[in-house]
Amino acid sequence: MSVNTTDRLGARAPSRADVRRRARGVSHARTGYLFVAPFMLVFLGLLVLPLAYAAYLSLFQERLIGGTVFAGLGNYTRALTDPRLLHGVGRVGLFFLIQVPIMLAIALFAALAIDSGLLRVAKGFRLGIFLPYAVPAVVATLMWGYLYGQDFGLFAQLADKLSLSPPKFLSSDWMLGSIANIVTWEFTGYNMIILYAALRAVPHDLYEAAAVDGAGAIRTAWSIKIPALRPALLVCLIFSVIGSFQLFSEPQLMQRLAPSVIDGGYTPNLYGYTLAFTGQEVNYAATVSFLLGAVIVVVSYAVLFVTTRRSRS
Amino acid sequence: MRARHSNVLTICMVALLIYFLLPLFWLFVASTKTVGNLFSSFGLWFADDFSLWSNIRATVTNGDWVFSRWMANTVFYSVVSAGGAAFLCALAGYGFAKYRFRGNAAMSGLVLGAIMVPTTALAIPTYLLFSKAGLVNTPWAIILPSLVSPFGLFLMRIYAQDAVPDGIIEAARIDGAGEFRIFFQVAARMLAPGIVTVVLFTLVATWNNYFLPLIMLNNPDLYPVTVGLAQWSSQAGAGGGTTGAVLSLVITGSFLSVIPLIAAFLLLQRYWQSGLASGGIKA
């Protein structure tokens, strides 16, 4: 199944014949194991084991009387009917549906513009837009939090000069949008660089052929470049699914600015954190973590499935 | 042929550039101001009183140099994690790409599937395991989980397939070189751009990590700068007489904490752009 995914992502997975041809005449199987062993050990110990442990913990419950007891799927039935968790999942799902298309559209536009040859100092634009990626989420959130604020926030100052009332960025109506803006600010440049790198690999004779046919820059972008970017866009989309659903730092820090707007269940990850460290409900927190991982894998595969199917029909 | 420029496009892109750079400019301006000026002067221009140096001095020396400690911790955690992760990925990527052994496809498929497993979903179970093993509140709690990079392996495997020709490996074997000697003396050089890319991106991931250190550490001496700044900011938000002074520390500290990574990206752009190209196109 996973090997199949590589194919869909457009990677050149080595065919069996390929591998055989390469290894003909020499069998270095044992050395091969030695090369991959350190990685695989760390992988098993720090990725597979914690996942398995979470799965194991999720089968137990702490009771006031009787201590920790086997609960079967009790935690899962609780989770699937837990309104706080469901709201959190719904919220990040909504976030994904609105923020990601905006972010990828800006990244695509910027990558095409920089690649078009119609800009002066294209390199400057590329670096400038990419820079926020190097800023930690904590700093980005603190910074935007100050900009949003009413005391010395930039928007409050500007609104004051124009004698308008500033938008209430930290109110419950605006909060998700305010967080979406921070995430867009952080990650547009990263996506742009991936798309731009993919654009550089499009064979240039295609452009020349298009130019001979009288296609302008916009027409070339639409008919040649965007179709060629499909695999790269898919990679961006998958990474965005993973990023959106595990949203944590931004809401966790914004919580201090607006404690009445962001509760401990604002996103599923924040909920898991609250459960484990405020509520001491370790088993239920492990269940939430495990379910969140499962949701992300399922949504990622669903996105892959939908997008690759549409491209074939 | 491409000499003409589009003004409309340039204006759109300048607007985008302003959006992405203005907050950083604001942060820089804010870190040159005294607390009073922060509230009384316009955010996008400098106040008469340029106090960047005194702010920096106050930030790095505050509370027995604790901010300097956090920065040093961040550097240490990220460099060790990035170096370790890149080394593991380079070895294994090369192994998967160039050796045929039973389980090769199955193992690399397993790792590929794990790209989609979110790191934060692992954080809480990892914390629970580590607290059993007595690793919580030690540097290992940050470094060990950061060593796993399924995407790094994927990138290195693809990179190794193309960058290291089989003929060269064969030739080295005929010359009598051992397999590991071939890797370290011949292949490693060809893998360098891919390795730099993995180093840089693991470095950013560890440098910017917040969730993992937040749950793993409760000793302020071990905090990375992200957790430290978040803690200062909660003190500043909590009110009280010292709010203003702490606020200025948070702002100047934030500004200082972003400089090293921005500098690294600017200096190493040749490497990460070519490395990303191979990952982004083929991924």
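Cβ atoms here come from the backbone N, Cα and C positions, even for glycine.
Sequence annotations record features per position, and here TrEMBL assigns domain 'ABC transmembrane type-1' to B:71-268.
Here TrEMBL flags B:7-29 (among others) as transmembrane segment. Counting only same-chain residues 6+ beyond the ends of the transmembrane segment (B:7-29), those with a CB under 8 A from a CB of the stretch are 43-46, 251, 254-255, 258.
According to TrEMBL, the feature transmembrane segment maps to B:75-97 (among others).
Remote same-chain partners of the transmembrane segment (B:109-130), defined as residues 6 or more beyond its termini with a Cβ less than 8 Å from a stretch Cβ, comprise 136, 141, 145, 150-151, 153-154, 211-212, 215-216. Under the heading transmembrane segment, TrEMBL lists B:109-130 (among others).
Sequence-remote contacts of a segment are chain residues at least 6 beyond its ends whose Cβ falls under 8 Å from one of its Cβ atoms, and for the transmembrane segment (B:142-160) they are 77, 80-82, 84-86, 88-90, 92-94, 96-98, 108, 111-112, 114-115, 117, 119, 122-123, 126, 135, 187, 191, 193-195, 197-198, 201-202, 205-206, 209, 212-213, 216-217, 224, 275, 278-279, 282-283. Annotation source TrEMBL lists transmembrane segment at B:142-160 (among others).
According to TrEMBL, the transmembrane segment annotation covers B:190-210 (among others). Beyond the transmembrane segment (B:190-210), the same-chain residues lying 6 or more positions past its ends with a Cβ under 8 Å from any Cβ of the stretch are 74, 77-79, 81-83, 85-86, 89-90, 93-94, 142, 146, 149, 152, 155-156, 159-160, 163-164, 224, 226-227, 230, 261, 264-265, 268, 271-272, 274-276, 278-279.
What TrEMBL lists as transmembrane segment is B:245-268 (among others). Note on the transmembrane segment (B:245-268): residues 24, 27-28, 30-31, 33-35, 38, 52, 55-56, 58-60, 62, 67, 71, 74-75, 196, 200, 203-204, 207, 225-226, 228-229, 232-233, 235-236 of its chain, located 6 or more positions outside it, place their CB under 8 angstroms from a CB of the stretch.
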